[in-house]
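Here's the structure we're looking at; comments come further down.
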């Protein structure tokens with residue numbers, strides 16, 4: 001006779017050394033070392049049979065530490081790359097860095113004493129900037145690798161490398177030779193604080209900017225023929241009324257523009273209230289009422305006419321002795337604000353410049369690099385246009401009787417993105433890329449690209465359709481030089497194919513420092529050295545957007561293992577006006593095609609409340625703290641890279657995304673659930689040899705075949721999620737599969753089969769057959785996201801596998817024959833009944849009628865006859881059940897109860913909606929000492945009097 005409690009060693013409990021805790025701070029670096037030592041990334045590139053897949057990296061700026069936006073971006077890229085590797089494609093990912101430009105220059109200058117700065121040569125500055133950039137690259141590279149990002153980290157692309165710079169000069173050269181690059185005096189965004197021109201992408205428009213706006217009038221000196229008869233009587237006291245938010249541009253005024261199609265009016269000003277000297281004003285007819293209240297003047301309508309008729313009327317400048325014309329502008333002139341007549345200064349505005357060109361007006365911009373008025377501004381010379389210069393102009397207009405009103409005007413105004421100070425529009429000699437020359441081709445190219453989300457196309461299309469020519473020159477020394485020389489005598493630029501090729505060769509060999517190191521003679525081709533002229537080298541460098549925008553040529557086209565155009569570019573949505581656009585423009589200008597086939601964009605990372613992150617708010621989430629933990633590990637535990645990666649997969653990145661302590665904690669819980677599920681699977685397969693223990697599909701019990709159907713559905717949904725880049729669908733599906741399908745259902749039901757049966761029993765091996773399929777596929781499916789966890793699982797597989805790494809095992813594998821919608825429909829119904837049974841058992845448990853569910857006998861009354869008969873068929877102890885039980889598809893196992901009855905004549909309670917009524921009684925018989933089920937057969941075996949008939953059979957190897 002066996003005594004109580006001594007059966008515990010006869011039960012097959014799960015066995016695995018796979019740790020329940022992730023212990024990521026120790027385990028992840030070990031796994032990364034395993035990948036590196038076994039060269040998994042390189043081996044996949046060599047051995048994968050599929051075609052190339054090239055995701056081209058948009059270069060982060062080599063300045064400062066990584067933030068959560070960097071993590072979001074790089075992890076998204078890595079998820080895509082790893083998925084493509086698992087699908088068998090050859091993936092080569094070359095990370096890059098943007099290393100030139102003003103921000104790095106400013107960092108270097110900020111770290112120097114002002115005395116040092118005074119004596120700094122361009123070459124010394126470049127040397128310091130290079131050192132700073134390279135140190136940042138090293139720091140960022142280490143962090144990116146810790147995120148688990150795979151790539152060519154030993155051979156990244158840097159925009160400061162000679163081979164990169166030379167290819168960039170090549171792009172510039174081809175654009176120049178096609179006639180797309182020219183030098184011109186044009187108004188550009190000028191930053192007095194940085195003393196350089198800026199491109200659109202280098203501007204920001206902070207909230208809260210208020211300008212001093214003024215209404216002013218200029219005296220009419222002659223009338224156009226079309227309005228002479230109508231307006232002659234008012235001419236002696238007539239002024240054209242304008243409105244501007246930049247009074248300092250009035251010294252540059254050379255015209256007033258009207259809209260040809262708008263109606264204009266002459267109004268009489270009630271003299272008592274007027275502070276200006278004009279009795280009559282010309283304004284837009286639709287604005288008379290609004291202006292009357294804004295200016296606080298009574299305005300009486302005298303005559304109306306079309307804007308077109310005003311063309312060639314002239315007026316006198318209120319502050320300078322010159323006459324200027326009224327001209328017809330474009331549809332930028334509206335009655336939304338102002339007076340309907342626009343003060344036009346061709347040296348200070350884009351539209352002004354275009355209109356000025358049409359009328360042959362000179363370009364006047366009496367402002368220097370520092371933002372101070374020049375001698376051309378007469379009495380205002382030396383004053384700063386954004387400060388006392390603005391005030392002086394307003395005062396002078398008032399003194400001249402020209403000012404009608406001044407009022408503050410809040411609006412969006414461009415600031416320098418680095419110095420955070422306002423910019424001005426100012427005409428300077430610059431180098432431009434003429435977008436006009438290839439705009440149509442660029443728009444056509446946009447239409448060939450797949451944009452995800454689709455509205456990306458609607459963002460970039462109007463930007464390219466409406467953008468002005470691209471100012472590509474910068475007055476700074478840390479960058480790639482524009483390879484031009486100027487004739488000392490005439491100032492004429494010298495730039496042609498021979499010059500470009502010669503300079504390109506020098507830079508390929510020596511790097512762009514050579515432009516500053518070598519003499520002009522050495523930089524010039526032989527034929528220009530002794531031709532009787534003397535030249536000086538240009539001092540401008542290229543816009544950094546031209547640097548990064550040339551990466552398709554410097555990297556994708558130049559490296560033999562890559563392929564142009566790239567399959568995909570993926571960056572933040574701000575890059576529609578940045579890198580996506582500069583890359584598109586250069587690629588189309590040179591090759592007539594887009595440099596990418598697909599463009600994917602993501603939003604920005606906000607805190608948990610949806611606020612922007614800022615140091616002052618104290619709501620900045622540092623990716624490094626998530627991975628390695630903070631100073632106080634109790635408050636900020638080390639979660640490891642996989643939790644950060646899981647967060648990236650959980651958000652809908654097509655818009656802005658949120659992150660914070662609570663969200664990260666949730667992610668850690670989800671990873672825990674996935675690990676626990678995997679651990680149970682590993683432990684339950686400890687003694688399973690797939691070669692000899694696998695049960696053929698046709699012989700599997702219904703429950704197992706249903707589970708394989710679910711596995712097919714789940715992993716198809718996961719595949720679809722990765723294919724469509726909707727990783728949040730992967731996150732939801734896998735989490736749901738682990739918790740709802742496995743833990744709460746299949747594994748819950750399986751424990752009896754796995755623990756209680758004989759090791760080799762059919763009911764146990766059939767279950768293990770399904771568990772192996774679930775485990776292999778779960779590891780593969782999470783590998784793109786939870787890369788370390790997946791590899792960890794793979795390294796603990798208890799059975800032989802031909803694949804050293806999960807990434808060599810390929811993608812999930814499901815079979816078409818597993819799909820069985822009819823079976824699934826019935827089992828879904830069963831699962832609903834199971835939920836109902838569980839709820840009822842819970843009520844009885846709370847009433848203390850039963851303890852565990854095994855203490856219960858469950859009676860299920862089913863109203864629907866067809867369903868009742870199907871349930872009875874799964875219940876061997878129901879009268880009328882003909883099939884012998886397979887020890888799996890029984891209701892008692894499904895409900896975890898000791899006995900289940902399905903009466904042929906059901907009874908009903910009122911209010912039962914689903915036609916199912918459940919009763920719970922205490923189970924019949926005694927508790928088995930081994931499986932804890934209740935049975936009326938406990939005690940029948942003389943050898944084992946304390947256990948039930950199932951356990952007696954199991955010990956004999958028969959169950």
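Glycine is no exception: its Cβ is also placed from the backbone N, Cα and C atoms.
With a cut-off of 8 Å between Cβ atoms, the residues of this chain six or more beyond the motif ''HIGH' region' (60-70) that come close are 97-99, 101, 103-104, 107, 132-134, 136-137, 139-140, 143-144, 158, 572, 604-605, 613, 620-624, 659. Taken from Swiss-Prot, the feature motif ''HIGH' region' covers 60-70.
Residues annotated as L-isoleucyl-5'-AMP binding site in Swiss-Prot: 571. The Cβ of residue 571 (L-isoleucyl-5'-AMP binding site) has 58, 73, 578, 579, 580, 601, 602 as same-chain neighbours under 8 Å, each 6 or more residues away in sequence. In three-state terms derived from DSSP, residue 571 (L-isoleucyl-5'-AMP binding site) belongs to an extended strand segment.
Per-residue pLDDT, averaged over the motif ''KMSKS' region' (612-616), rounds to 88. Look at Swiss-Prot and you will find 612-616 tagged as motif ''KMSKS' region'.
Positions annotated as ATP binding site by Swiss-Prot, on the basis of sequence analysis: 615. In three-state terms derived from DSSP, residue 615 (ATP binding site) belongs to neither a helical nor a strand segment and is classed as coil.
Cβ-based neighbour count (10 Å, all protein chains) for residue 951 (Zn(2+) binding site) stands at 26. Swiss-Prot lists 928, 931, 948, 951 with the feature Zn(2+) binding site.
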Assigned element (helix, strand, coil) containing residue 951 (Zn(2+) binding site), judged by DSSP: helix
CB-centroid shell, 8 A cutoff, Zn(2+) site 928, 931, 948, 951, site residues removed: 756, 929, 930, 932, 933, 935, 938, 947, 949, 950, 952
For residue 615 (ATP binding site), the number of other Cβ atoms found within 10 Å of its own Cβ: 7
Candidates 928, 931, 948: member of the binding-site residues with the richest Cβ shell (10 Å): 948
Three-state composition of the motif ''HIGH' region' (60-70), taking helix and strand from DSSP: 3 helix, 1 strand, 7 coil
